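The block underneath contains the structure these notes are about, expressed in structure tokens.
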């Protein structure tokens, strides 16, 4: 049985520039995940369920667990002195860690994705993304360090808190998964070099918003529902409402996750930096594809910390199909 810590150290040789800092950074994220796992499991007992009464910068009501997870993960990263600063879905601006100007890395994170599901005991997750800073080491980080395209990511991953807690990550050399053993307090390797199945037959989308979708997406959904033995349709519809949980299932079983633009969110709803980029990096490393319907997600140049984007991620052939429908049926 190989632990996450042992695996990270073993793989450190894959980076010619490695000095151990990235290893320590991933270890800090691992610690934060353990703390969040522990408290999610007793959330109903310690009054951290439900809305906090506050709103984030996007105007969304923050759940108590959103704020709790944000603070715990931020503290775990700050304690190691190896991160120069963070950007979080729950923070209006970047957080600069004083005294860490020497650090080479910055972290972007969605501390608790799908937190509105926690009250009904549905799987939620943590998403993280790591970049090497672009401003000079020895100076405080600036927003420039965080507004990098996804193809500059050094590492990315997620933790899914479900029937078991799993941490899945990539450093650009494949996707690896670890299951948390609470009796030992360690993450143990369960799948190395994960890949999307060759063919997917599941589509994940909130069809309650169907009337608001672009024409090309509507046509694709109808295509998924049509019967055709040659392409193994109709596809199965599965939607949890938690990006991490939906992506994880599709990674294992094969499928596509869709979150298109709507009239109320013409640019899309998911955050490019905190959700789309890290999941796109993982998808490509697992042999899949991620797009906004027209452009590769990892090539998009961010313009703001909380920028949103349409998001289609999963099996190559399925993402290509939805891109073709969007191109063939443009909205007027």
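Think of each number as a place in line: the chain as shown, counted from 1.
Cβ atoms are placed via backbone N, Cα and C, with glycine included.
Worth saying up front: this structure is predicted, and the values here are computed from it rather than measured.
Listed by Swiss-Prot as binding Mg(2+) 1 are 110, 112; the candidate from 89, 90, 143 that the record includes in that site is 89. Among the candidates 267, 275, 284, 295, the residue that Swiss-Prot names alongside 110, 113 for the Mg(2+) 2 site is 275. Cross-referencing 206, 209, 277 against the substrate binding annotation in Swiss-Prot, which names 113, 114, 115, 116, 239, 257, 258, 259, 269, picks out 206. Neighbour count (other Cβ atoms within 10 Å of the Cβ, all protein chains): 26 for residue 275 (Mg(2+) 2 binding site).
Residue 112 (Mg(2+) 1 binding site) sits 11 Å from residue 275 (Mg(2+) 2 binding site), taking the C-alpha atoms as the reference points. Excluding 89, 110, 112, which define the Mg(2+) 1 site, the same chain contributes 66, 69, 70, 88, 90, 109, 111, 113, 115, 126, 127, 274, 275 within 8 Å (Cβ to the Cβ centroid), listed in sequence order. Counting Cβ atoms from all protein chains shown, residue 112 (Mg(2+) 1 binding site) has 31 others lying within 10 Å of its own Cβ.
Considering only the binding-site residues 257, 259, 275, the residue whose Cα is spatially closest to the Cα of residue 110 (Mg(2+) 1 binding site) is 275.
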